[in-house]
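Participant: Residues or ranges marked as 5-phospho-alpha-D-ribose 1-diphosphate binding site by Swiss-Prot on the basis of sequence analysis: 81, 84-85, 89, 91-94, 109-117, 121. What Swiss-Prot records for 81, 112 is anthranilate 1 binding site. Residues annotated as Mg(2+) 1 binding site in Swiss-Prot, with sequence analysis given as evidence: 93, 226. Look at Swiss-Prot and you will find 167 tagged as anthranilate 2 binding site, backed by sequence analysis. The Mg(2+) 2 binding site annotation in Swiss-Prot covers 225, 226, and the record cites sequence analysis as its basis.
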């Protein structure tokens, strides 16, 4: 009966503690709630707005029930956005992960099929020839050997299948849209997390503290769940339990403002062509700049503090074609 009491608590507008949220989401992930109960719970949370404790509990339950990834002892990062910003851009964080890895960083990218865009991380990687359904061991091997691996959310969080039909029927943002970036089964040392709404920056930052993230950035870039070059980027930096909020502009990266329109993507096949050209050093300048800015902030987590220098290094590195070599290696796993 405990589930019913917790559900009743939500229906009456009351918040759940972290442990209560963990218990309720455990029940969801283990298939103990009906579709109707899941739908009611998701809407109750949406109408009131899930708080830090509730999100932290949902993350805890998700990780407790996920397949266990053999976590390496070296530092590694994830760069991932919530999706759902509705902007249909090229796959900036996917490209940034590959570029950073080709420059010596280690990145275990967590991702899924498209939420709202035409082409999610796994859609475009599949189109590029990457096997997104590799085993845990193969993913870990790729991370060790070439510095990057892709962890396909559906493979690691099989309990989410109980929620899938409800989410599809509701056709609206729910708490599950904001869980994705926080539930990487490899539990990375560092995170660059993009959120689709500015008000989520604070919520996410506080959740990252509750989850004891070592060093993370949460970003919202003028309507994008990435660092923006068409406007300002709101940033929360989480380090050793402390949060610092600040704003980044294109000038902070040594770049000029460019239009959001210049980053529009399309179907996976079209995005694949853009990304292939970019990683070969033959892409559009606007694409290269956007990936350079996001990779620059990602590299800051690894101790490369000068964003302008990072951008210059990334742009020079792209021309070498080494990032494309890393992608080609990734397709062999």
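From the backbone N, Cα and C atoms, a Cβ is placed for every residue, glycine too.
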Participant: Using C-alpha positions only, work out which of the binding-site residues 81, 89, 112 is nearest to residue 225 (Mg(2+) 2 binding site).
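Facilitator: Answer for the nearest of the binding-site residues: 81.
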Participant: Which residues does residue 226 (Mg(2+) 1 binding site) neighbour through Cβ under 8 Å, counting only same-chain ones at least six apart?
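Facilitator: Set apart from residue 226 (Mg(2+) 1 binding site) by at least 6 residues yet with Cβ under 8 Å, we have 81, 89, 92, 93, 194, 219, 290, 294.
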Participant: Expressed to the nearest Å, what is the distance separating residue 112 (anthranilate 1 binding site) and residue 167 (anthranilate 2 binding site) at their Cα atoms?
Facilitator: 14
Participant: When a 10 Å sphere is centred on the Cβ of residue 89 (5-phospho-alpha-D-ribose 1-diphosphate binding site), how many other Cβ atoms does it contain?
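Facilitator: Total other Cβ atoms inside 10 Å, all chains included: 22.
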Participant: Can you give me the same-chain residues 6 or more apart in sequence from residue 110 (5-phospho-alpha-D-ribose 1-diphosphate binding site) with a CB-CB distance under 8 Å?
Facilitator: 78, 80, 151, 153, 180, 181, 183, 184, 185, 186
Participant: Cα-Cα, whole number of Å: residue 167 (anthranilate 2 binding site) versus residue 113 (5-phospho-alpha-D-ribose 1-diphosphate binding site)?
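Facilitator: Computed Cα spacing between residue 167 (anthranilate 2 binding site) and residue 113 (5-phospho-alpha-D-ribose 1-diphosphate binding site) is 14 Å.
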Participant: Under DSSP, is residue 110 (5-phospho-alpha-D-ribose 1-diphosphate binding site) helix, strand or coil?
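Facilitator: Assignment for residue 110 (5-phospho-alpha-D-ribose 1-diphosphate binding site) reads strand.
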Participant: Using a 10 Å radius around its CB, how many other CB atoms surround residue 81 (5-phospho-alpha-D-ribose 1-diphosphate binding site)?
Facilitator: 27
Participant: Just to confirm: which same-chain residues, 6+ apart in sequence, have a Cβ under 8 Å from the Cβ of residue 113 (5-phospho-alpha-D-ribose 1-diphosphate binding site)?
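Facilitator: Those within reach of residue 113 (5-phospho-alpha-D-ribose 1-diphosphate binding site), by Cβ under 8 Å and sequence separation of 6 or more, are 120, 122, 123, 154.
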